[in-house]
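Q: Below is a structure I'd like to ask you about.
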Protein chains: 6
Amino acid sequence: MRPSGRKTDQMRKVSFERNVSKHAEGSCLVKFGDTHVLVTASLEEKTPPWLRNSGKGWVTAEYGMLPRATGERMKREAASGKQSGRTQEIQRLIGRSLRAVVDLQALGERQISIDCDVIQADGGTRTASITGAWIALRDCLAWMEARNMIKVEKVLKDHIAAISCGIFANQPVIDLDYLEDSAAETDANFVMTGSGGIVEIQGTAEGKPFSEEEFGTLMGLAKNGIAELVALQKQTIGG
Amino acid sequence: MRPSGRKTDQMRKVSFERNVSKHAEGSCLVKFGDTHVLVTASLEEKTPPWLRNSGKGWVTAEYGMLPRATGERMKREAASGKQSGRTQEIQRLIGRSLRAVVDLQALGERQISIDCDVIQADGGTRTASITGAWIALRDCLAWMEARNMIKVEKVLKDHIAAISCGIFANQPVIDLDYLEDSAAETDANFVMTGSGGIVEIQGTAEGKPFSEEEFGTLMGLAKNGIAELVALQKQTIGG
Amino acid sequence: MRPSGRKTDQMRKVSFERNVSKHAEGSCLVKFGDTHVLVTASLEEKTPPWLRNSGKGWVTAEYGMLPRATGERMKREAASGKQSGRTQEIQRLIGRSLRAVVDLQALGERQISIDCDVIQADGGTRTASITGAWIALRDCLAWMEARNMIKVEKVLKDHIAAISCGIFANQPVIDLDYLEDSAAETDANFVMTGSGGIVEIQGTAEGKPFSEEEFGTLMGLAKNGIAELVALQKQTIGG
Amino acid sequence: MRPSGRKTDQMRKVSFERNVSKHAEGSCLVKFGDTHVLVTASLEEKTPPWLRNSGKGWVTAEYGMLPRATGERMKREAASGKQSGRTQEIQRLIGRSLRAVVDLQALGERQISIDCDVIQADGGTRTASITGAWIALRDCLAWMEARNMIKVEKVLKDHIAAISCGIFANQPVIDLDYLEDSAAETDANFVMTGSGGIVEIQGTAEGKPFSEEEFGTLMGLAKNGIAELVALQKQTIGG
Amino acid sequence: MRPSGRKTDQMRKVSFERNVSKHAEGSCLVKFGDTHVLVTASLEEKTPPWLRNSGKGWVTAEYGMLPRATGERMKREAASGKQSGRTQEIQRLIGRSLRAVVDLQALGERQISIDCDVIQADGGTRTASITGAWIALRDCLAWMEARNMIKVEKVLKDHIAAISCGIFANQPVIDLDYLEDSAAETDANFVMTGSGGIVEIQGTAEGKPFSEEEFGTLMGLAKNGIAELVALQKQTIGG
Amino acid sequence: MRPSGRKTDQMRKVSFERNVSKHAEGSCLVKFGDTHVLVTASLEEKTPPWLRNSGKGWVTAEYGMLPRATGERMKREAASGKQSGRTQEIQRLIGRSLRAVVDLQALGERQISIDCDVIQADGGTRTASITGAWIALRDCLAWMEARNMIKVEKVLKDHIAAISCGIFANQPVIDLDYLEDSAAETDANFVMTGSGGIVEIQGTAEGKPFSEEEFGTLMGLAKNGIAELVALQKQTIGG
């Protein structure tokens, strides 16, 4: 029995609210249950130094948590003077995941910076960030298309979405909330495209090691969940 | 003529949304027009070192801006590794303002940390922060009273609210938005209590110096505005 | 009764010693009683990046305290690796105050860096810094005029001076020393020009809030004090 | 054809040199071809703060690269003042992997710090680090057993080893060297125990997404490779 | 011919001004010609952690330069966020030199912090710092003796003074000023006690290597110079 | 009697292993007994900013210690976020020493970065670093000569080598190991060229001051030792 009463293959209620920022070229408030992430996409007409004069652009991501997004207040990273290893790991993952579906040549020499700020956390903040970031990124590209800068379909090759799965109380389950996450034996994050290609897999045994079979079950759960998320993304952008 | 079409003594629409955080003991999403600040109040059962065994508690504040809260994306302070002088100035101001209406002895040896995170900025983020922080602080104290830890009326001696005034296009105006703020000749922030006492005044000539008379006009605008804000606070807490 | 025996409207003995640095283009050792600040003005033939090719120059300020300028030795900021919020607040104030009387266009694409280093502290270090910085800045400009780079009267539009006032033992007093400052109920700093224009006002209730009337009294004290300081500046530069 | 001429399922020559440090309780110079990592295990009679009085110990890891371990000299992290996101990611991975086979209760309130310093890099530094760290950790525990502090078999529950696999030139291959790694379409790291349990999986599509089938092939390669590494570990410790 | 017209064995005019700080237990403004260093000695009733409960005290030193102490303004170390290698080297030298003549056991579990802040630099700041620091330290100890905390003669075993010598224009000279220092072929600093014992020698070939004979000449110059400085210290403390 | 049983004028066994790095243009593993330092020389086709367009090149050095190079594990400098004063002092010394025998004009506008990483420490790491760095530097220059970039004999004017001497148990001894170093009364490092010129002298009294005669004895020991080291360098490069 899951603490939330959900079935093992049942994700939390997922929603995307677009255009939540007056300033950003694209933005999305994504909710996976009580996990709320505000994502903005900011267009900048310059690229990182290593891409100058390459004709290619870049998509990068930063991740942060408000200090009281969690049950216990955490020290503000700006005050402590550095980003934790966990923060850096997550923002690198978000950036890689998005770049997997972007044609950087078609984007041209520009950078889109994705900011994922966790307003409230209840497990799965990195997967919610990736899934919501796709919406913000797409709306940023649409903003650019409206100004004849690019064609969305040339730049954005596919959907991307992510979900966590894990083994909780000896049962493979999807979309772990905080209570499950902190007690799970195994925790795995999957990032996949709309066409079912795998972009990232991260599986970690928190307690005892897991078997290939267990991992296969988690991947099966993830495939279904991500298909649902992609369907929801399509519906959200009114496609 | 103000860019927004407001009258010189007309504030923007102000609203407070309480209990916006699942985790925090008190929280408030405060909006002054397009300036939106998420405030949380976090209770911690420990004080700063210099208050140990004094019987007194502490109220402190931190302030941050999401990178794309503004028209142009700003560098994330956690990534650049330090808080700007402006950030530190503002969070010191918020903390001082709140402590002016708190009886630290009655609070007991505990710390309440106020986090003011600007979700969207359009001028006046520090005054919105202070005004909304009072709500979050009060709800945190109510949470404590419900657990017999303190009495709200013993700890919280008065309301506190803040507003900016300035001279824009040669006219004294209240509650400057970003367009006005960036062009104002004089910019002044006022923090006052519910009973009309002054807690902080910060006046700065951006262009030419201002006169004592002009400053008096600004203070008059501020007194009326803060009275309105305090009335709104009272209505919000269901008083 | 003030600890120093001064009358409520009596400033400490103020003195300016010019040309105290062999190297700096302008310099001044300013003393407000036992508060001693060494100010240097350094000319650099470059501007901050955001002013390149604008034809305008810049005046900026940095502030520091020797570790044993105070009663208890403070940690050296260079050793702790960052400037405190207080330090940043003060150096931003000094810079803004000086720029209020400088025509940056007439200065041309150059930067003057003002360094205010507190040799000994006894309250009022920021107001002494601003008042002495005007002398150092003026001497730096005279150095430039002697080299046909600018005309002093084109660049420096007015005098600037600053004083603190506060309510100590229920009495409004001027130019608080450390003993008064640490016990004052209200503390206010005023920065004004030679022609009486107000450039900065910072008033803070340390204990109970203050009233508009009390603030008016403090401003009256400040106006007289600053007029005296400006007269002393004039006498110092031999004008 | 692989640049090194190896078969797709052929690892590089792997060797472990024990007792390479005069000072450390356990140490190992591990080589995966031209990738050389010096690992030391340091026993400290104290635990991190969050384990005080818990009766449990801790195993942690740090990772570094000498500046010229790579083809182009990299900036020294000690000089740049912070560890990169990549460094932090890797050292967190090494620590988690080792803890998966350690009984922290049986270790007692002590910490073992594993330092993995890459002397020369040619791809696969993190997998070599984990595999060599097991030897250093085991020798540290043997040192402790010789002093009647613990029993090795009580603390160390299993072997742990790691290998990278990837898709290079459309072919699944094992143990990528730098030339392969920098051109691979997919890169996956596997950490498994001696008994075949999976502890960590990290798979990343560098170019186009990969399929579940491809991932299965990589995992098959990894299982065989890790079995070989574990056999080599056993032979090394003379078991 | 030396730029200053001094003879090869002639030091600049040296002076010590005592009690220049209202707050510090000991203080001295030391001048070696145009090199001016303000030294304070601060007594703290605690020791560094590694001396707790050892019965021994500590003497430590910090060194800083005001940004415009030099011909060109230097970046403020507090602003750049770290102390340069040169600064750290010098302050370690000052601390070691002073400790060479202090009986740390007789001092008791206390720390004396020496702050050497260069107000104006013209070469030889480290040797002026050491020589002046002896005065400030001695006055701090006298302050302690007056309060029956220690006996000066038990704690302070000897004088300590320092001088630089170098080879300038092929001639061995003493007490190099900035013009000489920046053009010297060899630069050496000597720290010696009142009884002629050597505490520190630092010799550096700036251009071509020097010979043992040349070094002997420099040491001879230093011995005479330091004897003069010690005589001046004695005269200063009214001995 | 020395702990190692060596005679007072007997150095430890010294060896140089060349070409230990697959990537670096020059490299050397130098051993002075149990002190092992890995030195790499990295050629970069750019100079520091202050040498741009000067026609001159630069040689710089960085120094590091693996955390468990020592008897007790030290905190990793990359993790603590800064290099210690000791580290900076040593790397400045290494750089200065090497530049003393390099014709920077003949090198041309390039930089050679020397990295000295202490794999295992047993006293004398800085002298071993300098002595081994000469080999790595020379091999880097030979690599350049083979590509017709420079002539070795034009750039490298002489040998450079270094040794420590000290007074241990009242006896002047050469090449102190850790046991001697930590108990020595006086510790001195000498850096000399192949032709006997002195480049650096650093002598420090750890306990009681030393006399000019004692220092002369140490220098005599050093001259002989360095002559041996230079002979060994010559033999190593097959000259």
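Just so you know, glycine gets a Cβ as well, placed from its N, Cα and C.
Pulled from TrEMBL, these are the listed features:
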| type | residues | note |
| --- | --- | --- |
| DOMAIN | D:10-140 | domain 'Exoribonuclease phosphorolytic' |
| BINDING | D:Arg86, D:Gly124, D:Thr125, D:Arg126 | phosphate binding site |
| DOMAIN | D:160-224 | domain 'Exoribonuclease phosphorolytic' |
Q: Give the helix, strand or coil assignment DSSP yields for D:Gly124 (phosphate binding site).
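A: Coil, per DSSP.
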Q: Among residues D:Arg86, D:Gly124, D:Thr125, D:Arg126 annotated as binding phosphate, what is the maximum Cα-Cα distance? Answer in Å.
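A: Result: 13 Å between the two most distant Cα atoms.
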Q: Other residues with Cβ within 8 Å of the Cβ centroid of D:Arg86, D:Gly124, D:Thr125, D:Arg126 at the phosphate site?
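A: Neighbours within 8 Å of the Cβ centroid, excluding D:Arg86, D:Gly124, D:Thr125, D:Arg126: D:Tyr63, D:Ile90, D:Val118, D:Ala121, D:Gly123, D:Thr127, D:Ala128, D:Ser129.
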Q: Quick check on the binding-site residues D:Arg86, D:Arg126: which one has the highest count of other Cβ atoms within 10 Å of its Cβ?
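A: Sorting the candidates by Cβ neighbours within 10 Å, the top entry is D:Arg126.
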Q: Average pLDDT across the domain 'Exoribonuclease phosphorolytic' (D:160-224)?
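A: Computed over the domain 'Exoribonuclease phosphorolytic' (D:160-224), the mean pLDDT is 95 on the 0 to 100 scale.
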Q: By a simple count, how many Cβ atoms lie within 10 Å of the Cβ of D:Thr125 (phosphate binding site), its own Cβ left out?
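A: D:Thr125 (phosphate binding site): 25 neighbouring Cβ atoms within 10 Å.
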Q: Give me the non-local Cβ neighbours of D:Gly124 (phosphate binding site): same chain, 6+ apart in sequence, Cβ-Cβ under 8 Å, ordered along the sequence.
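A: Listed in sequence order, they are D:Phe32, D:Thr35, D:Ile163, D:Ser164, D:Asp175, D:Leu176, D:Asp177, D:Asp181.
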Q: By DSSP assignment, list the helix, strand and coil residue numbers for the domain 'Exoribonuclease phosphorolytic' (D:10-140), in that order.
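A: Residue counts for the domain 'Exoribonuclease phosphorolytic' (D:10-140) by secondary structure: 42 helix, 41 strand, 48 coil.
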